[in-house]
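Summarising the annotation, TrEMBL assigns transmembrane segment to A:30-51, A:90-109, A:121-146, A:152-170, A:202-222, A:270-291. TrEMBL lists A:83-288 with the feature domain 'ABC transmembrane type-1'.
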Amino acid sequence: MTAIQHPRVQRPGIRRISAGRRFKDRFVQALVYLSFAIAVVPLVAVLWMVISNGLARFDMEFLTHSMRNIGAREIGGGAYHAILGTLEQVLLASLISIPVGLLTAIYLVEYGRGGRLSRAISFFVDVMTGIPSVVSGLFILAFWILALGMPFSGFAGALALSILMMPTVVRSAEEMLLLVPNDLREASYALGVPKWRTIVKVVLPTAFTGIVTGVMLAIARVTGETAPLLLTVFFTDSINSDPLNGPQMGLPLYVFDQAGRPTDAAIDRAWAGALTLILIVMLLNLVARLIGWWRSPSRGR
Amino acid sequence: MAAIAVFLVVEAVPALQANKGSFFTTLTWEPNGTQSFGIAALAFGTLVSAVLALVMAVPVAVGVALFISHYAPRRMAGVLGYVIDLLAAVPSVVYGLWGIVFLVPFMQGPSEFLNTYLGFIPLFGGDVVAGRSMLTASVVLAVMILPIIAAISREVFLQVPRMHEEAALALGATRWEVIRTAVLPFGRPGVISASMLGLGRAMGETIAVALIFPATFGISLEILTPQGNSIAANIANGFGEATPIGRGALIASGLVLFIITLLVNTAARMIVARRKEFSGAAA
């Protein structure tokens, strides 16, 4: 092989890139920058409008009063009942779906290990991730309220939300548990520790921060859901702090309700509600990221 | 899962039996009055608006993902990634509010422009042009699913093995050629599944479109005229004043939506699985 010589002498140096290729490169670069600009404009516009319009009514009265005895045309009124309802419903939904989701993930990773049952569960979790939120609301409506004859209540809303939340919790917890090195488990077994203690004392603490991050993100997503609440919680203008009895309100529902009323006062209230909602969701997201960053391996705790 | 389907069916059956029209072909939705309703117009509106939104959102989202992963300066990219993730978490009702307050009046101008100069294409034809149209709803949906698709695509593009890119560079490829030969083939399954996720979201989206859709019935490809409705929006709008029959009818429409999204999701999963086998990208 080495004996074969090229008869022609190569020109030294690197040939310039042809004009066509250079043009195409520049063209695509321009396209990418353009698409980024196109995307940023409406997204920033949304945030800007929410902040600037929401601040008009974002005051103490808004945060501490309900809409009781306030007509659509009147100014004033607030979202206290809606904030209270949202917090209670999301809390209840978390209480239901976090334990169930976590235990499912533990089963999938620690016990199931590719068996038929765990593959089936995994498939269903995947499919459930894509369920439209209206459908989960309809399901609770059909099952809990129509078939079992329960009243509209915050609890029914929480049930619908937990259906949406559970797959997300399972997925993120499962991924975190899979990241726990097997060496840790084997070291624990080698010391004669039973399986359940290994899971509780070794696996879960190792994956803890990751799981918390996933759970916070799931909560943040569910907080903004409107459709299931619309079908299960119903509307009210008064404060109802009992999630088990009678219609409640939720912040997303409040925004939807007010936005549908064609008066300036109501639209202002809708903007302020949207601002409150975004603040809550962003706060949850930031907390999740902080927890993730605080204990991330790169910081070498 | 099965329980969801069963209970939806059980609650829907009495209404379906009372239906005076055919569920699949009737073009009206009057379960409360004449008790005649059909899913066709709703399903059509759902699909068209979701597909339109996808057509608008996917190219832009891929562009954004490429910008963040390959074009933007390193430090800016990290911040932008966070921003896109945060935007993906903005509740949909906020987009709906923005749509009805800002976008509906705003779209009047562009709609008239399209109607005047491109009216010969059936898509943009029609006589009455209004801000509350199928097109406006699609734009809102597109804005809403954009961050989700961009966020997932970005993750996938960042996972492209450095070796592939460096190999392409070593062969003298320009930046575009690197992206075309190394990044896009690797990222294609990820982008497809992200788009399908976006499609599912767009079809299931209720509140944003419930505020915008003109809530009239009929099948028409003229997306600028005030026509069209979607399953989810119809449920949200019609639920309040529904009689027991009407409620059953809405539940039946929910069942249809459920089945459609199930099909889309399964299709996405299969595409991704097959691509993996072909490209060996799993390794």
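Quick reminder: no glycine exception, Cβ is built from N, Cα and C everywhere.
Curation does not apply to TrEMBL; its annotations are automatic.
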**Message:** Would you say the transmembrane segment (A:121-146) and the transmembrane segment (A:202-222) are touching, if the rule is that at least three C-beta pairs must lie under 8 angstroms and be 6 or more residues apart?
**Reply:** no
**Message:** Using a Cβ cut-off under 8 Å, which residues of the same chain at least 6 positions beyond either end of the transmembrane segment (A:90-109) come close to it?
**Reply:** 118, 121-122, 125, 154-155, 157-159, 161-163, 165-170, 173-174, 177-178, 199, 203, 211, 215, 218-219, 222-223, 243
**Request:** Grab the same-chain neighbours of the transmembrane segment (A:30-51) for me: Cβ-Cβ under 8 Å, and only residues 6 or more beyond its ends, written as numbers and ranges.
**Result:** 271, 274-275, 278
